[in-house]
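Comments concern the structure below.
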Amino acid sequence: MLVRKVPGFVPASPGGLRLPQKFVFLLFLSGLVTLCFGALFLLPNSSRLKRLFLAPRTQQPGLEAVAQVASHPRARGQESPPNPAPAAPAPGKDDPGSQASSRRRKGWLRRTHPTGPREEATAARGGGATALRPQEGSVPSGFDFKAFRSRLRHPVLGTRTDRSKEPQSLVHTQREKIKEMMQFAWQSYKRYAMGKNELRPLTRDGYEGNMFGGLSGATVIDSLDTLYLMELKEEFQEAKAWVEESFHLNVSGEASLFEVNIRYIGGLLSAFYLTGEEVFRIKAIKLGEKLLPAFDTPTGIPKGVVNFKSGSNRSWGWAMAGSSSILAEFGSLHLEFLHLTQLSGNQVFAEKVRNIRKVLREIDKPFGLYPNFLSPVSGNWMQHHVSVGGLGDSFYEYLIKSWLMSAKTDMEAKDMYYEALEAIETHLVNVSPGGLTYIAEWRGGILDHKMGHLACFSGGMIALGAEDAKEEKRAHYRELAAQITKTCHESYARSDTKLGPEAFWFNSGREAVATQTSESYYILRPEVVESYMYLWRQTHDPLYRGGGWEFLQALEKYCRTEAGFSGIQDVYSKVPNHDNRQQTFFLAETLKYLYLLFSEDDMLSLEDWVFNTEAHPLPVNHSDSSGRGGG
């Protein structure tokens with residue numbers, strides 16, 4: 001027997017061990033069993049073995065997925081999925097470890113708690129982590145792109161049934177010229193400034209600026225839908241490839257909430273709705289999340305500047321000594337944020353802008369007017385300065401477009417728009433001695449008899465909203481729109497270059513002209529041709545295409561350089577002094593509105609699309625299935 005060969009083990013009898021020896025043997029055996037059994041719990045990655053011995057315990061679905069994903073750093077260059085994707089971002093190239101990113105992660109974890117029955121069932125069937133984790137780089141969405149396209153009333157690019165006959169037509173030649181201008185602007189940017197925010201055509205280099213918090217490629221994002229619309233397929237693929245490979249969100253500067261929203265998010269959303277390419281949807285949602293800290297105020301009215309690194313926010317220093325938010329900025333988020341909710345399933349975007357609407361609906365308004373400065377802390381107006389131009393403009397635009405984008409179901413937006421328009425007409429609209437209708441600026445009851453170039457969008461806005469006004473007001477609003485657009489046309493016609501100044505006055509016998517050199521510049525702005533486009537689609541009066549062609553010729557003569565287009569510093573001088581900036585909105589808005597002016601009405605039909613204030617088309621929410629376009 002073996003025990004005989006072991007020293008100290010002497011059998012007491014042929015059949016057994018002595019009592020002390022039995023005790024030692026049992027002690028050894030129990031220790032061995034304890035060691036082996038305990039290893040099942042203490043060794044790493046033993047969760048499968050635990051499930052062999054332990055009954056399932058109730059847990060909050062998704063948290064195990066968070067732990068598992070967080071323990072595996074992402075591949076270099078891969079960005080974390082936006083909310084509400086069930087994965088927690090780990091620090092990496094595109095998500096620097098910062099207070100801002102930490103705050104977003106905590107916010108997502110809070111949203112994992114109220115998981116619904118469907119998610120709980122999925123977690124139970126799949127064992128938790130595997131079932132909840134999305135595919136790498138994807139963002140879960142219930143949005144059905146094919147169904148959306150089937151509900152459109154018209155094909156995106158129009159019916160184009162007479163294209164075979166069109167090459168001989170004047171309008172075809174004009175449209176091809178506009179297309180060549182876009183191609184030239186893009187190729188110049190690509191050659192000298194690709195990836196930078198803007199092209200500087202005189203010095204043939206790029207410009208970054210300080211509005212975008214370190215984000216790059218503003219011209220790329222702003223150009224996507226224009227390139228698609230004009231069927232510049234090679235150029236569109238170049239832009240798309242840059243977004244896929246080089247547009248990173250791991251930035252840490254201070255950004256304008258307004259500018260990032262209308263240019264970047266608006267551009268990405270429209271590119272997705274036009275193409276169905278997931279990269280645009282994913283980037284838009286992730287970038288939208290980076291803007292959410294701007295809303296961390298007592299009233300929910302966002303401040304104008306958000307710090308991408310810290311997640312802090314502040315108001316512009318020039319806005320009432322840093323105490324105010326700007327009406328045109330916080331009032332021009334509604335369209336984009338509703339679409340972010342639709343594409344992400346995350347209600348937080350819609351909740352933020354609906355709260356803004358609630359604050360503005362309930363606040364007292366002097367004479368029914370909306371002043372430009374509002375405290376995000378107290379919710380009170382800070383100064384009674386009212387303008388339909390800069391500081392106020394796109395707030396009014398987004399009211400009527402919210403009504404239209406909702407397929408005419410957002411009654412609150414409709415009511416607010418027509419109430420505001422009535423107050424504007426009562427207190428701000430004037431007619432000059434020379435018969436020009438203009439919208440003045442209001443300062444506590446005192447009028448400045450000037451109109452900014454930015455306010456020239458209002459002719460198109462009023463025309464767009466005329467159809468849904470009270471029946472007795474429709475013809476009046478159409479006429480008002482035409483008269484305001486005529487005035488803006490005059491501001492161009494009365495300059496030596498046939499380009500309009502930044503602001504023009506009506507006093508001292510001078511009408512529709514700038515009165516000082518600081519207001520005499522033109523920076524490739526789109527507002528006048530924007531109104532031409534809307535008035536053309538409503539009336540088909542050749543006056544508007546004529547004005548558009550005159551504008552194009554002036555751009556070619558005074559703004560085109562050897563390496564792109566540039567603004568000029570004085571519209572009253574025939575010897576142009578260029579400002580060395582090819583603005584991103586020149587490609588996003590000015591050239592797009594020109595192209596649409598010379599296209600058929602069903603190209604980006606106004607039945608199917610509204611344009612954000614950067615001219616990025618966003619779809620009307622057709623809830624029925626009676627569309628005829630099919631995309």
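Here the Cβ of each residue, glycine as well, is placed from N, Cα and C on the backbone.
Pulled from TrEMBL, these are the features on record:
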- Glu259: active site, proton donor (ACT_SITE)
- Asp393: active site (ACT_SITE)
- Glu502: active site, proton donor (ACT_SITE)
- Glu527: active site (ACT_SITE)
- Thr613: Ca(2+) binding site (BINDING)
- 102-113: compositional bias 'Basic residues' (COMPBIAS)
- Cys456-Cys488: disulfide bond (DISULFID)
- 65-142: region 'Disordered' (REGION)
- 23-43: transmembrane segment (TRANSMEM)
Active-site residues listed as Glu259, Asp393, least Cβ neighbours within 10 Å: Glu259
Integer Å distance between the CA atoms belonging to Glu259 (active site, proton donor) and Cys488 (disulfide bond): 25
Residue among the active-site residues Glu502, Glu527 whose Cβ has the most other Cβ atoms within 10 Å: Glu527
For Glu259 (active site, proton donor), the one of Cys456, Glu502, Glu527, Thr613 that lies nearest, given that the recorded positions are compared by Cα: Thr613
Distance from Glu502 (active site, proton donor) back to Asp393 (active site), taken between C-alpha atoms, in Å: 14
Glu527 (active site) and Glu502 (active site, proton donor), distance between Cα atoms, whole Å: 11
Cβ neighbour count (within 10 Å, all chains shown) around Thr613 (Ca(2+) binding site): 24
Rounded distance in angstrom between the Cα atoms of Cys456 (disulfide bond) and Glu527 (active site): 5
Inter-residue C-alpha distance, Glu527 (active site) and Thr613 (Ca(2+) binding site) (nearest angstrom): 10
